[in-house]
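Record features (TrEMBL):
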type     : residues : note
DOMAIN   : 35-281   : domain 'G-protein coupled receptors family 1 profile'
TRANSMEM : 23-43    : transmembrane segment
TRANSMEM : 55-76    : transmembrane segment
TRANSMEM : 96-114   : transmembrane segment
TRANSMEM : 135-158  : transmembrane segment
TRANSMEM : 191-219  : transmembrane segment
TRANSMEM : 231-252  : transmembrane segment
TRANSMEM : 264-283  : transmembrane segment
Amino acid sequence: ENITEFILLGLFSNADVKTPCSVIFSLCYLAILSGNLAILLTIRGSHLGEQPMYFFLSYLSFVDVCFTSTVAPKLIIDLLVQWNTISFSGCMSQMFHAHFFGATEIFILVAMAYDRYVAICRSLHYVVIMSRRACYILVMTAVIGVFIHSLMHVLIMIQLPFCDPNQMDHYFCDVFPLLELACTDTRLLKIIIVTTTGVLSILTFVALVISYVIILSTLRTRSSEGRHKALSTCGSHIMVVLMFFLPLIFTYVPMTDSVSNDKVFALFYTMIAPLFNPLIYTMRNADMKNAMKKVWDPHKLLEGT
């Protein structure tokens, strides 16, 4: 008979580290929520939202919060109470949302790279190419494409028979750990998922790297002040792209059959990248710092209450 729930084996088998780790992850999760929401509210509360770069950054912050919220609360609770079951429907829902928000993040990072490319390499046409309508079309196209991608994964999984054992060597429901548990031959499905998700990740990453190489080579002809500002912005983007994409590629282009490595890589794109994104974008960005000072000015906040 088909099983109705899975047991998540989680990140650690050692019971002694579970409670300290749940505290650390709780603090990380709070930092992710507060950091990304601060960026989101700063952009929405200032004139920065009119610029396409910050329009996309506000969506990136929103998606980061959603993506981490798909995984982190369950992980923290499982570590604390060591009650690691998840229902079949809960598992499918978690997998859908993880893929949905993860893939949306990929497209937003691509849109941000495209925005920087247009700003630096096609600056005279920037206002026309990156109009507000174009920005909304980019976001909507990404969301529709990603919804179909995530739904396909769920539809594939629902068709598979699952029987004992129902223990999943992961801390959230993902495609490969689920395929390991299916009591049927899933080699073909693994190949399909590696070629779609894995190759898509690699191609996107390569496209992003090429776009930044073009941008950086174009900057050589600019004045030193213009070059410095553009380099600072692109530097932030490149750091975020590396932190998000490299673990993703290692997960979806398996070098070995080990799922335990995937757990560590998954931690990077579900917890660590969303934690550092707000820091990377605010520490290196003068416009963002100034907007934060204005929006979060204590005198203004007191007047507003």
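Glycine is no exception: its Cβ is also placed from the backbone N, Cα and C atoms.
A Cβ distance under 8 Å defines the sequence-distant neighbours of the transmembrane segment (96-114), meaning residues of its chain 6+ beyond its ends; these are 53, 56-57, 59-60, 63-64, 66-67, 70-71, 135, 138-139, 142-143, 145-147, 149-151, 153-154, 172-175, 201, 204, 207-208, 211-212, 237, 240-241, 244-245, 248, 269-270. Model confidence over the domain 'G-protein coupled receptors family 1 profile' (35-281) stands at 86, taken as the mean pLDDT rounded to a whole number.
Residues of the same chain lying 6 or more positions beyond the ends of the transmembrane segment (135-158) and with a Cβ under 8 Å from any Cβ of it are 52, 55-56, 59, 92, 95-97, 99-100, 103-104, 107-108, 111, 114, 175, 178, 189, 193. For the transmembrane segment (264-283), same-chain residues at least 6 beyond its ends with a Cβ under 8 Å from one of its own Cβ atoms are 11, 25, 28-29, 31-32, 35-36, 38-39, 57, 60-61, 64-65, 67-68, 70-72, 98, 102, 170-172, 174, 236, 239-240, 243-244, 246-248, 250-251, 289, 292.
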